Amino acid sequence: MSNEILIVDDEDRIRRLLKMYLERESFEIHEASNGQEAYELAMENNYACILLDLMLPEMDGIQVATKLREHKQTPIIMLTAKGEETNRVEGFESGADDYIVKPFSPREVVLRVKALLRRTQSTTVEQSEPHARDVIEFKHLEIDNDAHRVLADNQEVNLTPKEYELLIYLAKTPNKVFDREQLLKEVWHYEFYGDLRTVDTHVKRLREKLNRVSSEAAHMIQTVWGVGYKFEVKSNDEPAK
């Protein structure tokens with residue numbers, strides 16, 4: 001696994017600050033000050049993570065993430081001074097895995113990066129070890145964890161890495177209710193710095209993508225009002241034998 005991180009921000013002060021803190025954790029840092037440069041570097045290199053500012057010259061962060069997701073699944077943490085829900089949703093829609101609003105603590109950014117990489121590395125190790133075929137099957141939904149592929153009514157659904165991890169986590173324990181704090185801790189590995197709206201935004205996007213090809217698959221992700229979410233499996237939706 002690479003220890004190289006790409007920091008993309010048009011403010012030199014922010015790049016220097018993040019570089020200093022991340023280098024203390026033994027990461028190798030690369031920098032870009034505009035969107036076009038960031039996209040070219042990301043395509044040429046296999047970074048462990050990209051810290052991507054939303055407002056950039058030449059090509060903004062949304063455009064960079066959207067174009068990059070057509071070719072790569074490099075983990076992306078979006079950095080922005082805008083905290084409104086619309087901007088957060090746009091960031092996640094473009095393929096970002098996380099979202100941090102400026103002004104932020106550099107230590108928080110380091111913790112977010114480490115949490116994201118722990119999850120990514122854990123998934124890579126699990127997939128590389130010899131094991132029986134890891135597939136979760138329901139009447140309207142199939143999750144092939146070996147191929148990292150989701151089928152809803154036999155049609156492939158293109159999910160971001162974090163949307164996929166969230167779906168897997170819920171589907172592995174059908175009908176169990178998880179509150180938002182649990183999901184932040186287990187899927188995002190946040191205990192102190194997580195924004196609960198991150199969970200809501202990812203669930204919304206996951207449902208929308210599933211619903212495009214199968215309303216039945218989308219309806220399996222249920223909101224438990226005042227608590228959180230569950231992956232609902234009824235008797236006629238039991239995993240295929």
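Backbone N, Cα and C atoms are what each Cβ position is placed from, and that goes for glycine too.
Features as listed in Swiss-Prot:
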DNA_BIND  133-233  DNA-binding region
DOMAIN    4-117  domain 'Response regulatory'
MOD_RES   ASP53  4-aspartylphosphate
Given the model, what does the mean pLDDT over the domain 'Response regulatory' (4-117) come out as? 89
Could you tell me how many residues in the DNA-binding region (133-233) are helical, how many are strand and how many are coil under DSSP? 40 helix, 25 strand, 36 coil
With every protein chain in view, what's the tally of Cβ atoms within 10 Å of the Cβ of ASP53 (4-aspartylphosphate), excluding that atom itself? 25
